[in-house]
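Inspection log for the structure reproduced underneath, given as structure tokens.
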Amino acid sequence: MSLVFNLVKRLQLILLSLVVGGLAVAFLSNPAAAETYIVKMGSDKAQLVYDPPSLTINQGDTVQWVNNKVYPHNVVFDKVPGGDAALAAKLSHKALLTAPKQVVESAFVDVPPGEYTYYCTPHRGAGMVGKIIVNG
């Protein structure tokens, strides 16, 4: 009887150790940290472009747009995966930035993977458009 009791106690101890070890690994492992990317609004050579014009990011990352040259600028998303107008509006910054180094940002958290295209309202006709590709 005492042999069975000792075996049960040892099995309980082993099981408890495995559970505690598994929880420690789960809580202490570092998930991939979210990144922040910078897109200049207007190139250093005063061209009406987003620099870089295309950017590939992961879900959870943030993009900051910095007013660089030849302002005013803004960021308006027109095409997003699934044609979700509410998501496009949430990511957009329609107010014009009128001073150097002003920043707006969008966090791409809980968004579907795919291509997101955007433009600058005053300079869209001049070709000031950009694209963000979100990996799944």
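Here the Cβ of each residue, glycine as well, is placed from N, Cα and C on the backbone.
Taken straight from Swiss-Prot:
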type: SIGNAL; residues: 1-34; note: signal peptide
type: DOMAIN; residues: 35-136; note: domain 'Plastocyanin-like'
type: BINDING; residues: H73, C120, H123, M128; note: Cu cation binding site
Task = Give me the non-local Cβ neighbours of H73 (Cu cation binding site): same chain, 6+ apart in sequence, Cβ-Cβ under 8 Å, ordered along the sequence.
result = M41, G42, W65, N67, L96, L97, C120, P122, H123, M128
Remark   = Residues sitting within 8 A of the centre of the H73, C120, H123, M128 CB atoms (Cu cation site), not counting those, run M41, G42, L48, Y50, N74, Y119, T121, P122, R124, A126
Inquiry  = Helix, strand or coil by DSSP: which one applies to H123 (Cu cation binding site)?
reply    = coil
Key: For H123 (Cu cation binding site), the number of other Cβ atoms found within 10 Å of its own Cβ   = 21
Task = Within 10 Å of each Cβ, count the other Cβ atoms and name the one among the binding-site residues C120, M128 with the highest count.
result = C120
Counts by DSSP class (helix H/G/I, strand E/B, coil) across the domain 'Plastocyanin-like' (35-136) = 13 helix, 49 strand, 40 coil
